[in-house]
Amino acid sequence: MAVLPLSGAIRLSRGDLVIETQTQDPWAKKLITQGTDKACADLDVQQIQALKMKCAMIMFAQYVQGNTFGQVVKMAEAVTDLAKKCTEVDRDNPNCRKPLDWIFLNTICQEDNLPRFTDCCAKKDPERNDCFLSLKNSSRGFISPFERPNAEAACKNYSEHRHSLPGYFIYEVSRRHPFLYAPTILSVAIHYDEMMKDCCRSAEDSTHNLEECFRRQAPKVVKPIREDGLRQEHTCGILKKFGERTIKALKLVQISQRFPKADFFTVTKLVSDIANMHKDCCRGDMLECMRDREEILHYVCTNQDVISSKIKKCCEKPLLQRSECIVNAENDDKPANLSPQVREFIEDKGICERFAQEKDTHLARFLYEYSRRHPEFSAQMLLRIGKGYEDLLDECCKTGSPDNCCSRGEEELKKHIYETESVMKTSCDIYKEKGDYYFQNEYIKFTKQMTTIGSKCCQLSQDKLLPCAEENVSLLVDLVLGEICRRHLTNPINPAVCHCCSSSYALRRPCMGKLEIDENYVPLSLTPDLFTFHEDLCTTEEEKLQHRKQEFGIPLLLSYPMLINLIKYKPQITQEQLTSITVAFTAMREQCCKEENREACFAKEVLVTLSPICS
C-alpha cells in the first residue's frame, strides 16, 4: 500500500455529509484543504478513498473493540460506500444529510450479535454517542496484548498479505487503544509499513539480520503509541481531576513560552480551542477530536506571521507531520522590546480592584506575561508561581495596605526558584558522584530517560543547568506522578499521597517531594519466601550481568524485587544498614555461585545477609 502524502486539512466534520461545492465527494471536501496546500495535489481519488477507509476503521475498531477485523472492514466499507453514492447517484437520500457520527453509530446498531450495545442503540443522540463512549475500555487485559512474531514469519505474512496488513495493523492498534488520537494511529501505520518494506526487502539475503532490522526500527512504531498514549492519558487525567481551569492554565503557560510574540488575545483563543479539543478527545469523540485538531492547525498556520517565526517549515508539511513538527518546534525569540520584569502586577495601585472584578483574566494576563519572559522555567514551575501570585493577592487585598504585603511576593519568588535550583543541583551532584547506576535506581521505571538527562544537563554551568533540567526532567516527573496518582485511584496508597494527588496540580511535585514515612504502614513479616534467590543470580554472561547491575543499582547491589521487599519489611532502614547488606549480598553471591546446590546455599546465607536489619 502506498504511503499517503496526507495534506494539512483532514477534517471529519459533524456537519452534513453532502456539501454544495465543486468537490463532489463530501468526505474529500473534508479531507482536502481549501486549495492552498500543495501537498493535496498528490492525493488521487484512490488515495482519498483509502484514507477515508482508514479513518472509518479506526473509529469502528475503537467503538466496537470486540469485533473481528472482517466486521470492522465491513462497517467501514458501508460508510465509505454511502459517501460515494451520496455524491454520484443518490444525492437526495436523507441519510446523505445526516451528521457523520449519526451514520457511524447507525451502522454499528444495524449489526447483529452486538448485545453489549443494545441499550446504547435504544437511546437518541447525543445520549447514544455518550453511551457508546462510556463503553470504551482501555484497561490492560481487556484485549490480549500483542505477541511478538518471529521475524521470518512476519515477513512471509507481509509478502502474502501486503495490501491488507497495514489495515489489520490499524485495526489491532485502534481496538487496544480506544482513546488514542487517530492522527497518531495513522502516523504509526505509515512507519509500520515502512519498517515492513525495509526489513523484509532483503529477507532472502543471508547477510541481512532480520531480527536486528526489526529491533532497530520497531521503536518508530511502538514509541509514539506508548508516549502519545501516556501523554493523552496524563492530560485527560488532569482534566478529569482538576478541571478545565487547570488545563487552560497549563496550556496558557506552554503556548506563551512557545509563542512569546503572540498577543494575549491570540494566545487565549488558542488556549480555549485546545482545551475544547482535549475535552472532545478525552471523551473519545474521534470525529470532533480530529476536526478540532485540524482547525487549530489551520488557524496557527494561517496566522503564523503574528504567532511564530519558527513554524513556517512545519506549516508546509502534511498534516500528520505538521502537528508533531509544531509541538516540537523551538520557542520563538522574545520580542526585542519586552521588559525583563512584570512589576506592574505587584506595584500597580489598581491591582486589587482588577483582581476583584476579573480574577481569572487578571491571573491569565500575569501567567501570559511571566511565561513569555521565562522559557527556561518548566510549565509546572510557572503554574506554581501563578498559584503563589493568586494566594498573595487573596491575602494582600484583604488588608488595608496591599502595597507592603505584595512587596514580599518577589522575595517568595526568589526563594522558590532557589529551592528548585537546589533540588536540581543535588540530583546532579548525585549523578556526578555515583554515576548512571545510582541514578537509575532512583528512577527505576524511567531509567534510560533520566540518565540521558543527567549526562546532558549536569555537564552544564549553573546558569544553564536549571533551564536544561527543568525542560527535560519536569515533563518526565510530571508523567511519573500522574501515573502514581492514577494508580492511587484504584489502589489507594495512603492519605498523604491522596492529599498530594487531589489538592493542587501545580503543587503536586513539591508535595510528593515532602512526603514522610507512612507511620500507619504495617511492615511485612519476615517469611522464608520474602527473600528468595535462584540460579539466574549467578549468570556470567556480561550482557545479563550488566542488566542485573542496572536492576540492582549502585551502590545497592540488590535485585529489584528484593529492594522493594526490603523497604516494605524495614521502611525505616538506614543508609548504614543498606551498605552492610550490600557487602553481605555480594559475599553471598560469590560464595553460593561456587556451590553445587546454589539455591540451598542462598536459602541458608540470606539470613546472614539480612542480619544487619534482623538483629
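Placement of Cβ uses the backbone N, Cα and C atoms for every residue, glycine included.
Values in this document were obtained by computation on a predicted structure and should not be read as measured data.
Some features that Swiss-Prot has for this protein:
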type: DISULFID; residues: Cys109-Cys121; note: disulfide bond
type: DISULFID; residues: Cys199-Cys213; note: disulfide bond
type: DISULFID; residues: Cys236-Cys282; note: disulfide bond
type: DISULFID; residues: Cys281-Cys289; note: disulfide bond
type: DISULFID; residues: Cys301-Cys315; note: disulfide bond
type: DISULFID; residues: Cys314-Cys325; note: disulfide bond
type: DISULFID; residues: Cys396-Cys405; note: disulfide bond
type: DISULFID; residues: Cys428-Cys458; note: disulfide bond
type: DISULFID; residues: Cys457-Cys468; note: disulfide bond
type: DISULFID; residues: Cys485-Cys501; note: disulfide bond
type: DISULFID; residues: Cys500-Cys511; note: disulfide bond
type: DISULFID; residues: Cys592-Cys601; note: disulfide bond
type: DOMAIN; residues: 27-218; note: domain 'Albumin 1'
type: DOMAIN; residues: 223-415; note: domain 'Albumin 2'
type: DOMAIN; residues: 416-609; note: domain 'Albumin 3'
type: CARBOHYD; residues: Asn137; note: N-linked glycosylation site
type: CARBOHYD; residues: Asn157; note: N-linked glycosylation site
type: CARBOHYD; residues: Asn472; note: N-linked glycosylation site
type: SIGNAL; residues: 1-15; note: signal peptide
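Features as recorded by Swiss-Prot, highlighted on the structure.
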residue: Cys109; record: disulfide bond; DSSP (3 states): helix
residue: Asn157; record: N-linked glycosylation site; DSSP (3 states): helix
residue: Cys199; record: disulfide bond; DSSP (3 states): helix
residue: Cys213; record: disulfide bond; DSSP (3 states): helix
residue: Cys236; record: disulfide bond; DSSP (3 states): helix
residue: Cys281; record: disulfide bond; DSSP (3 states): helix
residue: Cys289; record: disulfide bond; DSSP (3 states): helix
residue: Cys314; record: disulfide bond; DSSP (3 states): helix
residue: Cys592; record: disulfide bond; DSSP (3 states): helix
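Long-range Cβ neighbours of Cys314 (disulfide bond) (same chain, at least 6 residues apart, Cβ-Cβ under 8 Å): Cys301, Arg322, Cys325, Ile326, Ala329.
Between the alpha carbons (Cα) of Cys592 (disulfide bond) and Asn157 (N-linked glycosylation site) lies a span of roughly 48 Å.
Among the recorded positions listed (Asn137, Cys236, Cys485, Cys511), Asn137 has its Cα nearest to the Cα of Cys213 (disulfide bond).
Highest local Cβ density among the glycosylation sites Asn137, Asn157 belongs to Asn157, counted as other Cβ atoms within 10 Å over all protein chains shown. Distance between Cα atoms for Cys511 (disulfide bond) and Asn157 (N-linked glycosylation site): 52 Å, as a whole number. Taking CA atoms as the reference points, Cys199 (disulfide bond) and Asn157 (N-linked glycosylation site) are 13 Å apart. Considering only the recorded positions Asn137, Asn157, Cys236, Cys458, Cys601, the residue whose Cα is spatially closest to the Cα of Cys289 (disulfide bond) is Cys236.
Within 10 Å of its Cβ, the residue among the disulfide-bonded residues Cys325, Cys458 with the fewest other Cβ atoms is Cys325. The Cβ neighbour count for Cys236 (disulfide bond), using a 10 Å radius and every protein chain shown, is 20. The most densely surrounded of the disulfide-bonded residues Cys109, Cys500 is Cys500 (count of other Cβ atoms within 10 A of its Cβ). With respect to Cys500 (disulfide bond), the closest of these recorded positions in Cα terms is Cys236, chosen from Asn137, Cys236, Cys281, Cys458. With the fewest other Cβ atoms inside 10 Å of its Cβ, the least crowded of the disulfide-bonded residues Cys199, Cys315, Cys485, Cys501 in this structure is Cys315.
Restricting the disulfide-bonded residues Cys109, Cys281, Cys501 to those with a CA within 10 Å of the CA of Cys236 (disulfide bond) leaves Cys281, listed by sequence position. Taking only the Cα positions, the spacing between Cys281 (disulfide bond) and Cys405 (disulfide bond) is 43 angstrom.
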